[in-house]
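**Student:** Below: one structure in structure tokens.
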Amino acid sequence: MSSWAITGASRGIGFEFAKQLSADGSNQVFALIRSEPSAELAELSSGRENLHVIQADVTDAQGLSEAAAKVGELTGNKLDVFISNACHPGLDLRFHPTSAFLGKEKELKEEIDACMNVNLLGAINSINCFLPLIRNGELKKIIYITSPSGDAEFTRKCGVTVTVGYSITKAAMNLVMSKYAAELKGEGIKTLSLSPGWVDTDGTRDMAPTPEILEMALQVFQKFKPDLTGLMSVEESVRMQLNVINGLTVKQSGLALSHHGDYNWL
């Protein structure tokens, strides 16, 4: 039996992790959500005794501690894998390039703060709260769901100028995961920043709400991967991500890798 906890599990990639992992009845799966569960998560959990839904807003340190305590009560105070998936895509000005914030310094701070509170500080606080359980687990893995947007080479090659707050907080958390790897290596704990690819989720559709914008995004990403044809299904992405997680080695700990297990971000 393996135990898994996933933040941001109400929909999208987080929900799919909970769905695929709980399909194996020998797994204990904890879907951590900010508020009320989505209809699909509520329906799924009602039919799976090994899937537990727990409220845990990653911006609320006290709530995270309470959620970790609830998980510990059900697992014997241990956890095998923690997946930090909750994220914030940015505010109304997320499609502004950096230089466009001249004269909009207040809006720039708001943009960065909104992303930082979830993507960086929220991730750190959630990992710290669940770390005592990971220390007692058998698999001892901490996974952060990152993005190609947090990679400098991807940004340079594709010419991505927007989503400033989202991108820099993802990049910052990639480094934090390397810090965790260095700190926890002696305890046998492995960490990984894992990019899911370009995935067909509500979040992606919000970022590209029209067919025209989606086509523009495809053309940008084809600069990195010329044979890219479109969005990947969330089911396929999570299957590939789980393969990377299950095969995570000590040598890979602290790296940022794609769903392919390499640096092919798309």
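If you go along the chain as it appears here, the first residue is 1 and each next one adds 1.
Note that Cβ sites are derived from N, Cα and C of the backbone, with glycine treated the same way.
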**Student:** Hey, Swiss-Prot has NADP(+) bound by D57, N85, Y166, K170, V199, T201. Any idea which of I13, I245 it lists too?
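**Tutor:** Within the candidate list, Swiss-Prot flags I13.
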**Student:** Under 8 Å Cβ to Cβ from K170 (NADP(+) binding site), same chain, six or more residues apart: give me those in sequence order, or none if nothing qualifies.
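**Tutor:** The answer is N119, T146, S147, S149, G150.
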**Student:** Validating a neighbour-count step here. Other CB atoms within 10 A of the CB of Y166 (NADP(+) binding site): how many?
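**Tutor:** Y166 (NADP(+) binding site): 26 neighbouring Cβ atoms within 10 Å.
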**Student:** When you measure from the Cβ of N85 (NADP(+) binding site), which residues in the chain that are at least 6 apart have a Cβ under 8 Å away?
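**Tutor:** Result: I6, T7, G8, A9, I13, G14, F17, I145.
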**Student:** List, in sequence order, the same-chain residues at least six positions removed whose CB sits under 8 Å from that of T201 (NADP(+) binding site)?
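**Tutor:** Correct list: R11, G12, I13, V234.
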**Student:** Under 8 Å Cβ to Cβ from V199 (NADP(+) binding site), same chain, six or more residues apart: give me those in sequence order, or none if nothing qualifies.
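**Tutor:** G12, I13, L231, M232, S233, V234, S237 - these are the non-local Cβ neighbours of V199 (NADP(+) binding site), listed in sequence order.
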**Student:** Test of understanding: give the count of other CB atoms lying within 10 angstroms of the CB of D57 (NADP(+) binding site).
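**Tutor:** I count 19 other Cβ atoms within 10 Å of it.
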